[in-house]
Amino acid sequence: MFKYIGDIVKGTGTQLRSMVMVFGHGFRKRDTLQYPEEQVYLPPRYRGRIVLTRDPDGEERCVACNLCAVACPVGCISLQKAETEDGRWYPDFFRINFSRCIFCGLCEEACPTTAIQLTPDFEMAEFKRQDLVYEKEDLLISGPGKNPDYNFYRVAGMAIGGKPKGSAQNEAEPINVKSLLP
């Protein structure tokens, strides 16, 4: 008999607690957003759409080193290297299959030139999977992205045809090793 009364009291308490919780939520700020009208807050380091950036000079930053494709755990990046007359490398084609991409950011970390950057854009829905394969023309943006002053060829000091050694940023003049001998 006491067990029966205890079960009734316990059940009534559970229902009252649930009703108080529902009533309390009626006066709180809503968690649901009306999406297109109200934008979702994204943290600063949110990893969304991948873009290819340009140098401050307007040239492509990508040097087709293939490190992004090697670092990608799902293999959604493919590219092929080509070379200009002055010896500068660039990707002949650069392709990302966003239907396979998991937006892990490893390609951005592996890129030595900061050409690949992840933006906070996440609206990439398509009706056909073929439309989720982005080519270089779709990925290139007009600006330098997160690092506006960085230029790989000036910082790295790589030899470019017609440019003397030691003329790059942070690069010293070549040392004549034979002059150091006694």
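Positions of Cβ are set from backbone N, Cα and C atoms, glycine also.
Pulled from Swiss-Prot, these are the features on record:
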- Cys62, Cys65, Cys68, Cys111: [4Fe-4S] cluster 1 binding site (BINDING)
- Cys72, Cys101, Cys104, Cys107: [4Fe-4S] cluster 2 binding site (BINDING)
- 52-82: domain '4Fe-4S ferredoxin-type 1' (DOMAIN)
- 92-121: domain '4Fe-4S ferredoxin-type 2' (DOMAIN)
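For the recorded [4Fe-4S] cluster 2 site, residues Cys72, Cys101, Cys104, Cys107 set the reference point as the centre of their Cβ atoms, and the other residues of that chain within 8 Å of it by Cβ are Ile50, Cys68, Ala71, Pro73, Val74, Cys76, Ile77, Ile102, Phe103, Gly105, Leu106.
Residues of the domain '4Fe-4S ferredoxin-type 1' (52-82) grouped by DSSP class, helix first, strand second and coil last, total 5 helix, 9 strand, 17 coil. The separation of Cys72 ([4Fe-4S] cluster 2 binding site) from Cys62 ([4Fe-4S] cluster 1 binding site), Cα to Cα, is 16 Å. The Cβ of Cys101 ([4Fe-4S] cluster 2 binding site) has Ile50, Val74, Cys76 as same-chain neighbours under 8 Å, each 6 or more residues away in sequence. A straight line from the CA of Cys111 ([4Fe-4S] cluster 1 binding site) to the CA of Cys72 ([4Fe-4S] cluster 2 binding site) spans 11 Å. For the [4Fe-4S] cluster 1 site, the Cβ centre of Cys62, Cys65, Cys68, Cys111 serves as reference, and the other residues of the chain with Cβ at most 8 Å from it are Val63, Ala64, Asn66, Leu67, Leu79, Cys107, Ala110, Pro112, Thr113, Ala115, Ile116. Counting neighbouring Cβ atoms within 10 Å of each of the binding-site residues (Cys68, Cys72, Cys104, Cys107), the lowest count belongs to Cys104. Helix, strand and coil content of the domain '4Fe-4S ferredoxin-type 2' (92-121), in residues and according to DSSP, is 5 helix, 9 strand, 16 coil. Candidate binding-site residues: Cys62, Cys65. Fewest other C-beta atoms within 10 angstroms, Cys65. Looking at Cys68 ([4Fe-4S] cluster 1 binding site) and Cys104 ([4Fe-4S] cluster 2 binding site), their Cα atoms lie 12 Å from each other.
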